[in-house]
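Student: I'd like to ask some things about the structure below.
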Amino acid sequence: MANVTVIGAQWGDEGKGKIVDWLASRADAVVRFQGGHNAGHTLVVGEQVYKLSLLPSGIVTGTLSIIGNGVVLDPWALKAEIEKLTGQGVEINAENFAIADNCPLILPLHRDLDGLREQAAGAGKIGTTGRGIGPAYEDKVGRRAIRVCDLAHLDALDAQLDRLCAHHDALRAGFGQPPVDRAALIEELREIAPYVLQFAQPVWKRLNTVRKAGARILFEGAQGVLLDVDHGTYPFVTSSNTVSGTAASGSGLGPAQTGFVLGIVKAYTTRVGSGPFPTELEDETGQRLGERGHEFGTVTGRKRRCGWFDAVLVRQSCAISGVTGIALTKLDVLDGFEKVKICTGYRLRGKVLDYFPSHAADQAEVEPIYEEMDGWSGTTAGARSWADLPAQAIKYIQRVQELIETPVALVSTSPEREDTILVRDPFVD
């Protein structure tokens with residue numbers, strides 16, 4: 001049975017939630033494999049709108065939903081999100097939801113450190129969500145992390161807390177802050193532990209069991225390839241690997257099981273926070289894209305920066321992540337533009353580049369080379385077949401897939417699950 005891995009092929013916010021929701025309705029299991037509660041997903045099912053930050057999108061449809069070991073978990077944010085969804089009528093229990101017992105925890109001290117660093121950085125800040133994601137990953141790599149399984153052994157946590165607090169106390173002192181209140185931290189963990197542990201298990205084992213039974217598994221990526229800690233616009237990146245290869249290491253299944261890689265691509269480009277953005281439009285056109293696309297973050301509410309489609313960046317993302325096909329989203333936002341542009345290359349100090357350079361100084365200086373196309377006056381909103389699309393919109397889609405050297409598998413024409421043009425079904429072998 002075919003599996004599917006969904007990743008964002010830009011800077012996140014590509015519309016993954018709707019696509020994952022559509023795929024999740026046909027999957028037997030949905031797995032989050034990286035990131036934390038810093039990446040928002042908005043799902044629209046009928047008249048109901050669900051906003052998720054941590055839980056896999058499959059939870060809304062009752063599909064087995066799993067948080068893998070590659071995620072960093074804020075247990076208090078988890079509880080709040082579950083309570084919000086159950087209030088909307090979503091049933092969540094140990095049968096349809098599981099957390100990897102080796103998943104690292106985000107603690108209050110991580111949120112503290114995140115905020116202190118951003119505040120101290122001033123104009124040079126990265127633009128994190130301030131939710132402790134980065135510091136939690138640092139402690140994981142530094143072998144200081146407290147993990148979900150540790151919640152069952154809080155009385156044996158002294159040595160781990162010694163290492164963790166020694167590290168954070170030194171950092172906090174540098175910011176003029178008092179040491180970590182260990183007693184308060186232990187008490188908070190003791191209170192939340194039973195809630196989290198009811199869902200904890202070796203999820204690699206459960207995934208292996210459902211895989212052997214022929215289940216369709218959907219691996220749900222967060223953010224986007226251009227925010228990958230290795231391949232993104234460093235240092236303006238997230239703290240995890242967002243490429244498709246992480247689906248294996250972040251879930252406990254081998255790379256051969258990750259299946260069809262579906263890259264989610266917005267028909268234009270957006271970015272939240274600081275960092276290079278070659279096609280950014282700081283004019284009326286950029287404002288029009290933002291207003292029509294409702295470009296505000298699900299988690300932070302921050303206004304997104306907007307610009308024309310960058311084929312160079314998306315081609316690079318697709319190559320790095322081994323994308324099999326893309327889902328092109330929010331095409332309807334371009335409806336009514338007399339002309340539309342696509343970035344096909346860059347100029348940098350007299351040279352033409354067909355890739356995005358690695359150094360921050362070069363990234364900041366590249367100038368986009370545009371190809372201009374006629375726009376379309378008709379609407380693409382709600383289209384469910386090629387026959388519903390204006391001819392020029394079809395030409396735009398064809399040009400996008402030519403330039404990114406990756407075929408279009410489906411086109412999304414509204415937030416509604418049914419408003420999708422299917423070219424190739426990712427779940428079909």
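Including glycine, each Cβ sits where the backbone N, Cα and C put it.
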Student: Please pick, from THR61, THR209, THR238, THR285, the residue that Swiss-Prot records in the IMP site together with ASP13, GLU14, GLY15, LYS16, ASN38, ALA39, GLY40, HIS41, THR129, ARG143, GLN223, ARG302.
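Tutor: It is THR238, as the record lists it for that site.
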Student: Near ARG304 (substrate binding site), which of the recorded positions ASP13, ASN38, GLN223, THR413 can be found within 10 Å, Cα to Cα?
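Tutor: Final answer, ordered: ASP13.
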Student: What does DSSP assign GLN223 (IMP binding site), in three states?
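Tutor: Looking at the DSSP assignment, GLN223 (IMP binding site) belongs to neither helix nor strand, so coil.
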Student: Taking each of the binding-site residues ASN38, THR42, THR129, GLN223, THR413 in turn and counting other Cβ atoms within 10 Å of its Cβ, which one has the fewest?
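Tutor: The binding-site residues ASN38, THR42, THR129, GLN223, THR413 were compared, and THR42 has the fewest Cβ atoms within 10 Å.
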Student: Over all shown protein chains, what is the count of other CB atoms within 10 A of the CB belonging to GLY12 (GTP binding site)?
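Tutor: By my count, 28.
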Student: Looking only at Cβ atoms, how many others are within 10 Å of the one on ARG304 (substrate binding site)?
Tutor: 19
Student: Have a look around ASP13 (active site, proton acceptor) and count the other CB atoms within 10 A of its CB, chains all included.
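Tutor: Other Cβ atoms within 10 Å of ASP13 (active site, proton acceptor): 26.
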